[in-house]
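Read through the structure below, which is laid out as structure tokens, and then see the notes.
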Amino acid sequence: MAAKSKSKGPSLLSCFGYPLSIFFIVINEFCERFSYYGMRAVLVLYFKYFLRWDDNLSTAIYHTFVALCYLTPILGALIADSWLGKFKTIISLSIVYTIGQAVMAVSSINDMTDQNRDGSPDNIAVHVALSITGLILIALGTGGIKPCVSAFGGDQFEDHQFAIKNRFRHRSKEYPKREHWLDWASEKYDKRLIAQTKMVLKVLFLYIPLPMFWALFDQQGALQIQPDQMQTVNPILIVIMVPVVDAVIYPLIQKCKINFTPLRKMTVGMFLAGLAFIAAALLQVQIDKTLPVFPAAGQSQIKIINLGNSNADVTFLPDLQNVTVPPMGSTGYTMFETSQLKSVIINFGSENRSEIIDSTSSNTHTVTIKNAATGIVSSLQSDNFTSKPEEGKNLVRFVNNLPQTINITMGDTHFGMLEETSISNYSPFSGGRTDDIVITTGSTNCTTTSEALGYGGAFTIIINQCSDGVTQLRYIEDIQPNTVHMAWQIPQYFILTCAEVVFSVTGLEFSYSQAPSNMKSVLQAGWLLTVAVGNIIVLIVAGASKLSEQWAEYVLFAALLFAVCIIFSVMAYFYTYIDPNEVEAQLDEEEKKKQIKQDLNSYEKESEAVSQM
């Protein structure tokens with residue numbers, strides 16, 4: 001239908017200068033993208049918190065899925081261009097896509113295998129199998145229709161509706177007659193097919209450096225710095241920036257007499273993506289400054305809390321390091337080699353007491369000390385945390401500085417009975433909120449409200465008084481809460497969105513404009529293949545990299561993209577734009593002349609034969 005409309009026949013119905021059918025295609029594509037990105041945005045969270053996979057496996061499966069989504073366009077292109085056609089391919093694979101989303105939704109229903117109704121699936125293997133099946137079907141569906149939608153949309157336009165035909169200022173006006181290795185196939189295949197294959201291969205060669213862009217871009221789904229909801233910034237900015245860039249930025253550049261060709265736009269997009277990762281690295285450096293230092297292998301750390309009313313001298317053995325802790329004061333976590341931290345000697349004046357440190361089960365410890373009426377009292381607690389709390393939650397524990405045993409409840413969490421100087425275990429609480437604290441001592445109840453503790457910290461709350469309804473608490477910050485606001489990620493998302501607009505949108509346009517009429521889906525599939533290879537690069541680099549710092553990995557990817565950007569700019573400089581319609585029109589003319597010549601020769605032979613008779 002599209003091919004005919006460009007050459008002859010009645011004009012298609014149009015609206016606002018666009019073919020009416022385009023609006024149906026756009027709505028369909030909007031729904032498909034909403035389905036895909038909505039599912040992908042929570043995919044890593046689903047792997048981690050429902051299927052209980054660790055971070056490395058979740059990230060690996062995520063990138064494998066994305067890579068598969070961009071490998072299957074090759075299958076979709078072959079089906080569309082050589083068998084069903086674009087429309088039937090879109091319809092057929094959309095059904096597969098829908099089934100995949102349904103299977104994925106069913107896999108997340110925990111009640112399906114939750115026989116004991118405890119809120120967790122009893123047979124996780126069933127959910128894993130359904131999830132993998134659903135993801136494969138989704139990859140076949142979304143990948144299969146990707147190369148067809150853009151090409152099918154382009155087919156709806158007539159010649160006078162193409163702005164792209166006037167955008168190239170340095171394209172070749174003649175069909176290039178250079179020798180090519182494909183010319184060796186001229187004895188077996190016709191000239192048209194060889195010429196069309198040359199056009200496709202010429203563009204595919206230009207695509208070789210492009211996967212590095214997608215290696216950076218697609219990490220926004222798996223390597224987020226803070227909460228996963230930040231991923232919604234990208235689609236919102238896309239909706240805003242596409243019309244702004246097309247209606248404002250590009251016309252301004254054109255008025256400046258700058259020939260901003262598609263390949264130059266793509267080069268700028270790659271450069272902007274690298275800048276976005278540099279911005280991410282700078283932000284990560286600031287976040288790392290707020291992170292606590294946890295002991296490595298062969299190391300231990302210890303905190304001392306003085307609950308008494310006089311100075312305490314503490315000596316660490318066998319290191320012999322000494323520290324004085326003021327009354328109602330505490331130290332930070334002090335790092336030691338495990339071999340140099342076997343015990344501590346506590347001195348209050350002439351009294352002393354020793355506490356043995358056992359680092360076999362934990363390498364992070366807290367010791368509470370107090371000069372009570374009966375002598376020195378101390379308690380040792382293994383802290384048992386090895387990382388900063390995730391998802392903005394806080395860790396809270398209590399220390400009893402009362403002479404009697406108490407019972408503590410905070411919110412809905414019961415901490416149990418604590419004797420004098422005893423330390424409870426940490427319990428997680430949602431960040432940014434306050435909770436009621438209830439302390440029970442015999443027949444006395446004390447109720448108070450906790451402070452708002454921020455996000456991502458760990459706190460020790462010392463109970464110093466509970467009598468006559470009066471409660472005195474003291475808060476010690478064990479791990480500093482998050483101080484870098486999530487909004488600082490917006491600049492890097494803005495830069496990355498600008499990169500996507502000038503790179504991805506232009507790349508799809510370029511692929512369509514440089515493809516012959518019967519290979520447009522194939523070239524679209526080639527473009528999408530670069531996305532698959534980019535995700536494979538992430539898996540390879542992440543697996544081979546020995547970098548322990550996240551910011552260093554961001555800088556590594558940015559440096560690789562800058563290097564590839566230079567290579568691509570050189571390749572783009574030597575690229576000659578073509579108009580496939582002109583090439584095919586020239587081939588049509590040559591075939592027409594050849595046919596006329598053959599008909600003339602045949603007529604002459606028939607005339608000669610008749611005259612001889």
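Cβ atoms here come from the backbone N, Cα and C positions, even for glycine.
All TrEMBL annotations are machine predictions without curation.
TrEMBL lists 12-30 (among others) with the feature transmembrane segment.
Look at TrEMBL and you will find 60-78 (among others) tagged as transmembrane segment.
What TrEMBL records for 90-109 (among others) is transmembrane segment.
Under the heading transmembrane segment, TrEMBL lists 124-145 (among others).
Residues or ranges marked as transmembrane segment by TrEMBL: 199-216 (among others).
Among the features that TrEMBL reports, transmembrane segment is placed at 236-253 (among others). Same-chain residues lying 6+ beyond the ends of the transmembrane segment (236-253) with a Cβ under 8 Å from its Cβ atoms: 260, 493-494, 497-498, 500-502, 505.
Annotation source TrEMBL lists transmembrane segment at 265-285 (among others). Counting only same-chain residues 6+ beyond the ends of the transmembrane segment (265-285), those with a CB under 8 A from a CB of the stretch are 210, 212-213, 216-217, 225, 484, 488-489, 491-493, 495-496, 498-504, 506-507, 510, 549-552, 554-555, 557-559, 561-562, 564-565, 568-569, 572.
Same-chain residues lying 6 or more positions outside the transmembrane segment (522-542) and placing a CB less than 8 Å from one of its CB atoms are 59-60, 63-64, 66-71, 73-74, 76-78, 81, 143, 146-148, 150-151, 200, 203-204, 207, 210-219, 507-508, 511-512, 514-515, 553, 556-557, 560. Look at TrEMBL and you will find 522-542 (among others) tagged as transmembrane segment.
Among the features that TrEMBL reports, transmembrane segment is placed at 554-575 (among others).
Marked as coiled coil by TrEMBL: 586-613.
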So what's near the transmembrane segment (124-145) in sequence-distant terms, Cβ-Cβ under 8 Å and 6+ beyond its ends?
32, 36, 39, 46, 50-52, 65, 68-73, 75-76, 79, 89-90, 93-108, 110, 112-113, 528
Stretch of maximal Cβ-Cβ contact with the transmembrane segment (199-216) [cut-off: under 8 Å; candidates 60-78, 90-109, 554-575]:
554-575
I need to check the long-range neighbours of the transmembrane segment (554-575): which residues 6 or more away from its ends have a CB within less than 8 Å of a CB in the stretch?
202, 205-206, 209-210, 212-213, 215-216, 219, 263-264, 266-267, 270-271, 273-275, 277-278, 280-281, 284, 541, 545, 547
Looking only at the coiled coil (586-613), what is the model's average confidence as pLDDT?
72
